[in-house]
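Visitor: Below is the structure I would like to discuss, written out as structure tokens.
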Amino acid sequence: MRKLIYIMVGIAGILGALSRYYLGLTIHEFWHHTFPLATLLINLAGCFLLAWLTTYIAKLNILPSDVITGIGTGFIGSFTTFSTFSVETIQLINHFEWGIAFLYVSCSILGGLIMSGLGYTLGDFLLKKHLTEGDHL
């Protein structure tokens, strides 16, 4: 049965990477500036989703742990991209876009922490609400 986790992570990873790719293309259709908005928005969304998933969905026990791992490690792990963030930052620095690079790094780190905090807070709130409504885990 442990082979199922590899399949779940693999399939979810493919879906996460494709989602990032197509969402990035869509954002680039409307955003034609130096600032790497697509990667920032995708990474911030991933921070929120992973925190919410691990704080709420995983604790409800409504999905098998292999599915939770598939979503977290596979989908969200391949949807977000630290390597693209790093390369884009170096490219900005190499093109002497110091201000944009600083803004990008700041928004990525602080925004990631804020979005993770919001995902955690929402997950915790929903979990407590779920428990107080009489549905116990």
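Even glycines carry a Cβ here, placed using N, Cα and C.
Marked as Na(+) binding site by Swiss-Prot on the basis of sequence analysis: Gly77, Thr80. Per Swiss-Prot, the feature transmembrane segment maps to 4-24, 37-57, 67-87, 98-118; the stated evidence is sequence analysis.
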Visitor: Same-chain Cβ contacts of the transmembrane segment (67-87) under 8 Å, 6 or more residues past its ends?
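Guide: Answer is 5, 8-17, 19-20, 36, 39-40, 42-43, 45-47, 49-50, 53-54, 57-58, 104, 108.
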Visitor: List, by number or range, the same-chain residues at least 6 past the transmembrane segment (4-24) whose CB is under 8 A from its CB atoms?
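Guide: Apart from its flanks, the transmembrane segment (4-24) reaches 38-39, 41-42, 66-67, 69-71, 73-81.
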Visitor: Restricting to the same chain and to residues at least six past its boundaries, which positions have a Cβ under 8 Å from a Cβ of the transmembrane segment (98-118)?
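Guide: Same-chain contacts beyond the ends: 34-36, 40, 43-45, 47-48, 50-51, 85, 88-89, 92.
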Visitor: Let's check the environment of Gly77 (Na(+) binding site): how many other CB atoms sit within 10 Å of its CB?
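Guide: Other Cβ atoms found within 10 Å: 20.
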Visitor: Including all protein chains displayed, how many Cβ atoms other than that of Thr80 (Na(+) binding site) lie within 10 Å of its Cβ?
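Guide: If we count other Cβ atoms within 10 Å of Thr80 (Na(+) binding site), we arrive at 21.
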